Amino acid sequence: MPHQEQVMVHGNLCAPGPPNNAGYNSNPVPVIIQTESRDKWSKKMDFLLSVIGFAVDLGNVWRFPYICYQNGGGAFLIPYVLMAVFGGVPLFYMELALGQFHRTGAISIWKHICPIFKGIGFAICIIALYVSFYYNTIIAWALFYFYSSFSSTLPWTSCDNAWNTENCTNYFGKDNVTWTNYSRSPAEEFYTRNVLAVHESSGLGDVGYIRWQLMLCLFLIFTIVYFSLWKGVKTSGKVVWVTATLPYVVLLILMIRGATLPGAWKGVVFYLNPKWEKLKETSVWVDAAAQIFFSLGPGFGVLLALSSYNPFNNNCYRDAIVTSLVNCLTSFVSGFVIFTVLGYMAEQRNVNVEDVARDKGELSFFFGGLEAIITAVMDEYPDTLSHRRELFVLGLVVVCFLGSLSTLTNGGAYVVKLLEEFGVGSPIIAIVFLEATAVSWFYGINRFSNDIKSMLGYTPGLFWKVCWVAISPAFLAYIIISSLLNPQPLTLFDYEFPDWSITVGYIIGASSFMWIPIYMVYKLVWTPGSLKQVRHEKLHVCNNQIHQDDFNFKSLLLAKI
């Protein structure tokens, strides 16, 4: 085991008593903190850029502008900001503080918070695995575009290619273009027929063969991923200086270029034009809550992992505010990039902007880092893996590459949509709801606040406590209940997913979430003593600050009785 030292800080690794924290003992107790044996960020900016690189992704660039336009334009910013202030940012702050204080990943952190919920850590790792199966494929699509751009004529600006159909209508550099409901732009056909080749698949029942071009792109991406992660934050902290800043350079270039296009102003007006009546619709508030949640990304284990390599006294509160603001502003600015181009497209097609923008960006991408899995598993099994990081990362990358092969087929886009919808969407919201509940009500809001005080020197204000205890869990419950009451049909490129595929999706979702009740049952069965005996022990020893994981589990369970 790596050498660790202890310091005396306020707080308690033992789980608390009743949720109202009656009898809470704030005496100093030993807490394991970061030592030379654990990796550290070389610079503060390495950490900030890593968090920004995780939180800012394709969902900010395309999904937010579309959601904003669809739900009232400028009026949508009101529910978006409210959901960010009272839901998204408090959860973001909570995860940064948890990771920094406990110095461990998503699995072993529950030994200190509430052992009965340790299954949450395993569920997070399964979800992160599903994300890696499809998100890197999306990056492979982008790499394919980059490769295809090295030609004298860009292939998505012409209808003279082998994959084009008679419906292809080119409006680049042309006037008086006739655009019908059957017309397809050369860019659309390049994407659907050359990059994805979905026309060669009839659906999930016949996904076709693996596209070797995409497989080569994916192999290159996973090779880069491996050499970025194999040495820990020492290497990944350097890579993010490129991966986190380059998108902003590209966005700036695209925004300047978009602003010079004819018709760009139409797109901007369409993007920001407020439709105040939309605020009366429940779906608008649900979309705002879901967008800010998936944009900031609590629950994926990445924030826990990244912040666990911070110095103990790092100002995680300031980090949470700064990175959240950067994330939200990026989403807003990206709207100008997207809608200036849509305004130009409408101008060239001689149609209204809404006729161009009606085609939704149907894949709402979530970014997730393999670092969440690596940190969680290595912290859980340090004796086995602490000196074998390179081999473990290699094995993980190989598993992710093999798991991604189905997304490289002609029908791979359908597989991506299925994984995104069922493997990540609903399960991660439920998991964060349990995480917020466990921290605020079982671990205890006073105890958690004292943990933050030991790091920052001051206790979080009343606003944060109220959000953690009530508003943020309610924010998550609102999303869950709304999605259950108003399920939407799953479609992509006019393909409606069959009933059997929906069943498969539910199985995929259950494959991660099931580890939570399984671990609870495991602890109930294998923890010595009856529940009655353990409750008697709890009342006797809690004031003596005896910190034993098995004891903590049942004392927490009985704290409500």
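Cβ coordinates are placed from backbone N, Cα and C, and glycine is handled just like the others.
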> Considering the candidates Cys125, Cys159, which is the cysteine that TrEMBL reports in a disulfide bond with Cys168?
Replying inline: Cys159
> Between Cys159 (disulfide bond) and Asn60 (Na(+) binding site), what C-alpha distance do you get in Å?
Replying inline: 31
> Counting only residues 6+ away from its ends, which parts of the chain sit with a Cβ under 8 Å from the transmembrane segment (501-522)?
Replying inline: 116-120, 122-123, 126-127, 130, 204, 418-419, 421-423, 426-427, 430-431, 434, 490
> So, does the transmembrane segment (209-227) come close enough to the transmembrane segment (422-442) to give 3+ Cβ pairs below 8 Å, pairs being at least 6 apart in sequence?
Replying inline: no
> Hey, would you say the transmembrane segment (239-265) packs against the transmembrane segment (77-98), going by three or more CB pairs under 8 A that are 6+ residues apart?
Replying inline: no
>> At a 10 Å cut-off from the C-beta of Asn60 (Na(+) binding site), count the other C-beta atoms across all protein chains.
In response: 26
>> Using a 10 Å radius around its CB, how many other CB atoms surround Ala55 (Na(+) binding site)?
In response: 24
